[in-house]
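Student: The domain 'Major facilitator superfamily (MFS) profile' annotation in TrEMBL covers 48-464. According to TrEMBL, the transmembrane segment annotation covers 48-66, 86-108, 115-133, 139-163, 175-196, 208-230, 278-298, 318-335, 342-360, 372-392, 404-424, 436-456.
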Amino acid sequence: MDTHIADDKLKELHVEDLTVRANDRKAEAFEIDPVAEKKLLRKLDYRVVPVLWFLYLLSFLDRTNIGNASIQGMTADLDMEEGNSYNIALFIFFVPYILFELPSNLLLKKMAPSTWLSGIMFCWGIVTIGQGLVKSKEGLIACRFLLGLFESGFFPGCTYLISMYYRRYELQWRYNIFFTGAILAGSFSGLMAYGIAHMDGAAGYAGWRWIFIIEGALTAVFAILGKFFIVDWPETAKFLTDDEKRLLIARLSADVADSKMNTLDLRARKRIFTDWKMYLGVLMYFGIVNTGYATSFFTPTILTGMGYSPIEAQVHSIPIFIVAAFVCVCVAWLTDFFRHRYAFCMIGICVSTCGFVMLLNQSRIPVGAQYAAIFLIVCGGYTCQPITITWINNNMGGHYKRAVSSAMMIGFGNAGGIVASNIFLTQEAPGYKTGYGTSLGLLWLCGICCTVYLFGVMRENRKRERGEREYRLEEPDAGNQGDDDHRFRYTY
């Protein structure tokens, strides 16, 4: 993005750097007017998150609608009922998705988000349509690979973009609103699949094909519109006035004590890639994201195993994700209000644990209780998952470090999706002992990592309060240390 910015008033303002250059110090001394600040926040809330929320809903819809298509005849038509072809089609998505998230975030830095995000979205919309036209399971697997390639940059890119507009304790609520797009995609997927299933035979296409074709076409159309509605970086955002840009820079700079990382030199790379927090964040996300993907991919299948017909399973999946979205938003507000993350992560993990334990003992409980267990799993998982992302993001200072850590956490953490794709074995239906047991174990991997992370950042904050990190002022890269800056304080 920097290559398009001239060295004049405002255009050298970098939200990522959270400061301005020495030849323009106005933003640093900018007096924050509470009335103007409230007006600015309201304006941001109308423009930044809603568009990304809707587009992310379409993203997750295209990623997980294979679960709805599978129970509408896809596996039979493509000869995928025997062997592990369906599981391969699920996990192949994550190979490019994991590998290309970091390069995508680095590319995003160099161009307008509205161009990059809408462009990759249009591409995966076309690929989704292609899934409805394939004639073989090999063709479906190839489409899933391309889908993972094009979707890889969207979620971390949106996370990164949203974080450039809000203070740390304003971010969770907004981010969870955005994240509900993924949750509600489960409801929309079930609702749309229920309606589209009645198109079976239209124009000679089976109902499952229409699921891909219609949803892919919607994505492609809204991707074109997204170019005109997705916000760009704050310093080039056309919807902000010059005074609003100055105010935005000033309030964000005050939030993180000038923890800049403007230059990606050797020392900066070392600080980024030797940071224990980033790798612990990957494990946290790896543990919890498995639950999210397991429920997104297999909820319709699990419901049919309880005795529901395919159409009934689509309908019964709708309220599960609606309730989870409501819980997700309420918890997000509480985490920002109390300025605390850890306890809410653990509450979500405990709630999901109850659900998994119930399903591991499903032969002893009635179908109604099994159905309630899915509510617990989804609500708990989607309570914890977005908090882990925001928590890590809150504690990464500087433009480059935030870009790399977001992509690393979401990218490599999404290996949990590969696990989720391969642990619900057809021969174990409807008990799915491997699926539920593995998911429960990974859930507590996340819990353990969250606990270690909590004590780690608390210990580091105490060291900084005692002045044990002030020696960094004398180091050659002082001013480019990101959250290693001795003035930075970690959240927990």
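For all residues, glycine too, the Cβ spot is worked out from N, Cα and C.
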Student: Do we see three or more Cβ pairs under 8 Å linking the transmembrane segment (278-298) and the transmembrane segment (139-163), pairs being at least 6 apart in sequence?
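Tutor: Stretch pair does not touch.
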Student: Over the domain 'Major facilitator superfamily (MFS) profile' (48-464), what is the model's mean pLDDT?
Tutor: 88
Student: Could you check whether the transmembrane segment (139-163) and the transmembrane segment (436-456) come into contact, where contact means at least 3 Cβ pairs under 8 Å with the two residues of each pair 6 or more apart in sequence?
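Tutor: By the criterion, they do not touch.
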Student: Looking at the stretches 48-66, 86-108, 208-230, 372-392, which one shares the most CB pairs under 8 Å with the transmembrane segment (318-335)?
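Tutor: Selected stretch: 372-392, with the most Cβ pairs under 8 Å.
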Student: May I ask whether the transmembrane segment (175-196) has at least three C-beta pairs under 8 Å with the transmembrane segment (115-133), counting pairs 6 or more apart in sequence?
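Tutor: These two segments do not touch.
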